[in-house]
Amino acid sequence: MQICLMDETGATDGALSVLAARWGLEHDEDNPMALVMTPQHLELRKRDEPKLGGIFVDFVGGAMAHRRKFGGGRGEAVAKAVGIKGDYLPDVVDATAGLGRDAFVLASVGCRVRMLERNPVVAALLDDGLTRGYADADIGGWLQERLQLIHASSLTALTDITPRPQVVYLDPMFPHRQKSALVKKEMRVFQSLVGPDLDADGLLEPARQLATKRVVVKRPDYAPPLADVATPNAIVTKGHRFDIYAGTPLTE
C-alpha cells in the first residue's frame with residue numbers, strides 16, 4: 001500500500017524502514033495521506049487538510065481513559081449488545097476494529113477481544129497504540145491479557161479463527177449522509193484512507209458461522225440492516241443501532 005511516510009523523531013535508527021517493511025507500505029511523496037512517526041506515537045495525517053490534525057490510537061490517556069474511568073462500563077450500549085451479564089463476559093472477535101474504541105471498552109469491562117483489521121495503515125496505528133498500552137503501569141497487565149490484534153481481512157480470517165468466539169462484533173464503515181453535520185474530523189481523515197466497506201455485506205454470514213452465541217452489528221440509525229437481513233433484536237441509542245443476530249452453537 002502506498003502512503004507518504006514521515007519521521008519526525010529526529011532519530012536515525014531506520015525505524016521508519018522497519019515499520020514500512022513490517023506492514024507492506026511504500027513511500028509515496030505525493031500521497032495526500034501521511035503516516036508519521038512522532039516522538040510520542042505513530043499518527044495519520046491528511047496533508048491537504050492540515051487543520052484536521054493527526055489521528056493516533058491512545059488506550060492510555062485522552063478520551064479512552066476518560067471513557068474507561070467515567071463511562072458507563074457494563075452499562076454502555078456495546079456491552080449490553082454483546083450480552084455481558086453477571087459473570088458472563090463473552091470472548092469477542094471485533095472483525096472491523098478501526099481505531100479500537102469499542103474493542104477497548106469491552107476489554108476494559110473484562111472481555112477478551114481479538115481485533116481484526118485489514119488496512120495495513122490502520123493496523124500499524126492499532127499496533128502502536130497497543131505497544132504503548134501494554135507498557136503502561138496502570139492498564140498494561142490486563143490489556144495484554146484481553147486485547148490483541150490480528151492483521152488480516154475479515155472476509156478470509158472469519159473462516160479461520162480458532163478458538164471460536166462467543167460473539168462477533170461488526171461496525172462497518174458506512175457512507176455518511178451528505179446533509180448531516182460535518183463528519184467528525186477524525187472520520188474524515190479515516191474515510192479518506194479506507195473508504196466505505198463496500199464488501200461489508202459479505203461479513204454477516206461468515207460472522208454468524210463463527211460466533212457461537214451472537215453477532216452484533218453497529219449501524220447508523222438511518223442505515224439499512226447489514227446485507228438487508230432484518231432482525232427484531234436490537235439495542236437502540238441516540239444515532240446508532242446495535243442489531244443482534246444468532247450465531248451457530250458449538251456441536252458436541
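Any Cβ shown, glycine's included, is placed from N, Cα and C.
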Residue in Asp87, Asp138, Asp171 which Swiss-Prot records at the S-adenosyl-L-methionine site where Arg101, Asp102, Glu117, Arg118, Ser153, Ser154 also bind: Asp171
Max CA-CA distance, Å, over listed S-adenosyl-L-methionine-binding residues Arg101, Asp102, Glu117, Arg118, Ser153, Ser154, Asp171: 19
Among Asp102, Glu117, Asp171 [binding-site residues], residue with fewest other Cβ within 10 Å: Asp171
Intrachain C-beta neighbours of Arg101 (S-adenosyl-L-methionine binding site), sequence separation six or more, cut-off 8 angstroms: Met64, Arg67
Fewest-neighbour residue among binding-site residues, criterion Cβ within 10 Å, set Ser153, Ser154: Ser153
